[in-house]
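Trainee: Okay, so TrEMBL annotates it like this:
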DOMAIN    10-168  domain 'Trafficking protein particle complex subunit 13 N-terminal'
DOMAIN    172-295  domain 'Trafficking protein particle complex subunit 13 middle'
DOMAIN    308-403  domain 'Trafficking protein particle complex subunit 13 C-terminal'
Amino acid sequence: MDVNQPKQEHLLALKVMRLTKPTLFTNIPVTCEERDLPGYLFNQLMKDDPSTVKGAETLMLGEMLTLPQNFGNIFLGETFSSYISVHNDSNQVVKDILVKADLQTSSQRLNLSASSAAVAELKPDCCIDDVIHHEVKEIGTHILVCAVSYTTQTGEKMYFRKFFKFQVLKPLDVKTKFYNAETDEVFLEAQIQNITTSPMFMEKVSLEPSMMYNVAELNTVDTAGESESTFGSRTYLQPMDTRQYLYCLKPKQEFAEKAGVIKGVTVIGKLDIVWKTNLGERGRLQTSQLQRMAPGYGDVRLSLETIPDTVNLEEPFDITCKITNCSSERTMDLVLEMCNTNAIHWCGVSGRQLGKLHPSSSLHLALTLLSSVQGLQSVSGLRLTDTFLKRTYEYDDIAQVCVVSSEVKQS
């Protein structure tokens, strides 16, 4: 939208055009059957039209490109480019010409001019050209302010400016969900929706993890030894379509060993999204730092390191537990008690002394148990007592195992 000041008699003319990729020219085919009144006239006119594709005149596609007629839609993450031209329409030589281009957003004013030096003189029918670029990082109303100052032959100083107002729209809607595994792994699901009116080619969607984590992308499958995207070879995202990306984050070894480090709110990282639209127009967005609330494990955390998926009915099987003192200050003296349930029976001595466990340290414990009931059974019944504080911690539904008959498993 061009909002200009009242016209003045100026020797110079200012023109501004947004630089963007052209679009394919489309025409509306008008045709009829030969027995209709126009006969073959409409079909012949379409064949003679230079904008139609020969042999496919009834299609709306054309072979010509059209330049942008206005500022059009500008989306967050794209690069705004504009061509600025100042032409001397008079028959006089103009001196000390200074062209300045500023971009006013809701929060700041940016100078986009390539040079701040004035041009000594501009002869009749000559022009000063400039191309400006700016990566759009804010949504909302933007105003391009182009100002021109110069001096006439009589020494009079002249000044005028023009305003070009446009809106920056949001191209993508990004939603994230976190899933905490029984281990320290964190799964991030990113839902990305195209909220523009044209298709997008998703060139890259990656997660840049924070210093605490390593990341593994779960958006590819191995086919014949080659990694292939789960979305196929053509990763186009149609308007209003949504795509889900999945990532697995694991704490680095130096942080995983410190039980208290990953407590509370932790920074996961940020998403880096790169896409292309019409004729390769490129856009890029980076989210702010994603944060999640780490699950609270209390003073003592019990996790499973190894456990079989399937076990035989009434046959002992082994599991390995990891017990972590999540306190950063207090040493614990722990006693392990094992309580049987209707289906799960522990093998070994209950009330065993585990000894002292220092702050932020861990110990591994091998245990044996068996199940007397078939089906999917929950491992429960572990109790840890801190003899210093006389406090007992109960651990039920630690994991699940599938219990089958030995004949079923062998067959």
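Glycine too: its Cβ is placed from the backbone N, Cα and C atoms.
Give me the structural setting of these features: burial, nearby parts and distances.
Mentor: Mean model confidence of the domain 'Trafficking protein particle complex subunit 13 N-terminal' (10-168) amounts to 83 (pLDDT, 0 to 100 scale).
In terms of DSSP helix, strand and coil, the domain 'Trafficking protein particle complex subunit 13 middle' (172-295) has 7 helix, 74 strand, 43 coil.
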Trainee: With DSSP, how much of the domain 'Trafficking protein particle complex subunit 13 C-terminal' (308-403) is helix, how much strand and how much coil, in residues?
Mentor: 0 helix, 59 strand, 37 coil
